Structures are given as C-alpha cells and as structure tokens.
Amino acid sequence: MTRMAEKPISPTKTRTRFEDIQAHYDVSDDFFALFQDPTRTYSCAYFEPPELTLEEAQYAKVDLNLDKLDLKPGMTLLDIGCGWGTTMRRAVERFDVNVIGLTLSKNQHARCEQVLASIDTNRSRQVLLQGWEDFAEPVDRIVSIEAFEHFGHENYDDFFKRCFNIMPADGRMTVQSSVSYHPYEMAARGKKLSFETARFIKFIVTEIFPGGRLPSTEMMVEHGEKAGFTVPEPLSLRPHYIKTLRIWGDTLQSNKDKAIEVTSEEVYNRYMKYLRGCEHYFTDEMLDCSLVTYLKPGAAA
C-alpha cells in the first residue's frame, strides 16, 4: 500500500474543528442517550424491511455500508468519524478485521475505547482523537458515516486524495452524508430556497453543527472521481432519514423532563427544533442523504 506524505495543517484550523465537533457531540452523553437507540448510532438508519425497530435499522445501515467494502479477515478498516463505536464493533464481529477509528469528540473517544475493549477478539482495535488530515497510515478499506458534513467544501480534494493514497489497488470506501441541492436543481423540481429555509440552514450551521456545511451528491461524486475513484450510482436514503428523525423527535419529546434535567430547557428546545425541522425539510425534498461507494481501479476492474 502506498503511504501519503504528511501534509501540514494549520494549528488554528485543527483547533477550530475540534471546537466545532465538541460543541455538538460533547453536549452530554446522557442527553443523546435519551433519543438514540441502544447502539448509540447518530445517523440515518435503514428500514429495510420497513418493520424493523430503530436499533435493527441502525445495524442494517451499518451492514449496508460494510457489505459494499468486500472485507476479508485480517484486513484493516478505517472508520472516519467513528461516533460511539458501533460500526467498528460490527466490522470486527462480522468480518474479523482490525479497526481504527478517528473522532474529534472526547466523549466519543472515551466510549469507543470501552466498546472496543469489550470485544472478544485478537484483532487490533484503536480509536484516535484526531482528524483525517493527520492520518496517513496504510489501511485496506474506509467507511465514513455522516462525518463528511463537517469536512468543508475546500477540503474535499485533499480528503479524497488522502483516502485514495492510503488504500491498496483494490481499495474500497463508503461515505454516507446528508446532502443539499443546488438552487438550479431545486428550481428544476419546482422548489426554491425560501427565507424560512435559509434561516433554518443558518440555525443548523451555527447552533447545532458549528462549522458544518452540506455537500451535494454531485460534489461527492465529482471530487471522488477527480482523485481517481470509480463511483457507482449513489443510493438515496431520504425516506429512511425521515423515519429516523421522526423517531428521534418523538423519543426526545417523550423524555422532555429528563432532557432538561441533564442539560437545560434551552438545549432541549434547540434539539427539538433541529429534529422536527430536519424531518420537515427531508419530507419536502429540500434535503437528502446519499450513500456513495468509491472504488480504486483494482476494485472496479
């Protein structure tokens, strides 16, 4: 496998990204537990078949990503933005692989270490408190589930180049991300960016995901192809995110008193606005969620 030379990164930029991530994910583990399922998975679930519980659908989503990677025992899987560790645990248990997780959240890092330590395996398991910009070790496969929203448009070329260079000739990667549409695309579908929509987007990127910026599916494809990947047709998960958000919102609402107790009424109201608002805009086809697969030449052949 080819190793990529380390690329210097601004200390200010790194510090800012740490602050942005921790502003959201380090609110309180107890708070997130009030609306997440037992897997502690904070991304779009996959309700296939439709009668799955949220927990079952979260495992189905993880499996949907992992099954696209052609994992073999002994391979090393890199999980960029590894959350609370469910994807890594699933990969070790299903495919007998080594795992490396990257996170910028101190709370997630601590929980991941506990999750990985509890797995009965001789495979290597590690979680690093760092971003992808500072990672250059060779790996066989890469998965990234809803971390891409935090990377920034200006960093997409560097991200895909780095991922391409640290994998072998048959490398595979999946990236799942919430996505938005270009105004021209919305106009073609009879939609337009209203003041209300713009205000909600501003709320999301300032109060919920500071520093976040949604890509379009086209951007995810084009930047991946520019780096040398072959990109099959992306998969839209929009109906599944609508259901996920509805369940999260209903569950948090049913735990209102506990949520206020572990955080504050202001935090509770902010997250209810976020969950209900996102459900609305996904339903209204203003937002989508794309699962994109990236194949190096040896995998695409």
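Keep in mind that glycine also has a Cβ here, set from the backbone N, Cα and C atoms.
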Review point. Do you know which of ILE145, ILE166, ILE201 Swiss-Prot groups with TYR42, SER43, GLY81, CYS82, GLY83, THR103, LEU104, SER105, LYS106, ASN107, GLN108, TRP132, GLU133 in the S-adenosyl-L-methionine site?
Key: ILE145
Review point. C-alpha of CYS278 (active site) to C-alpha of LEU104 (S-adenosyl-L-methionine binding site): distance in Å?
Key: 24
Point to revise | DSSP-derived class (H/G/I helix, E/B strand, else coil) of GLY83 (S-adenosyl-L-methionine binding site) | key: coil
Review point. What are the non-local neighbours of GLY81 (S-adenosyl-L-methionine binding site), defined as same-chain residues 6+ apart in sequence with CB under 8 A from its CB?
Key: LEU102, THR103, SER144, ILE145, GLU146, ALA147, PHE148, HIS150
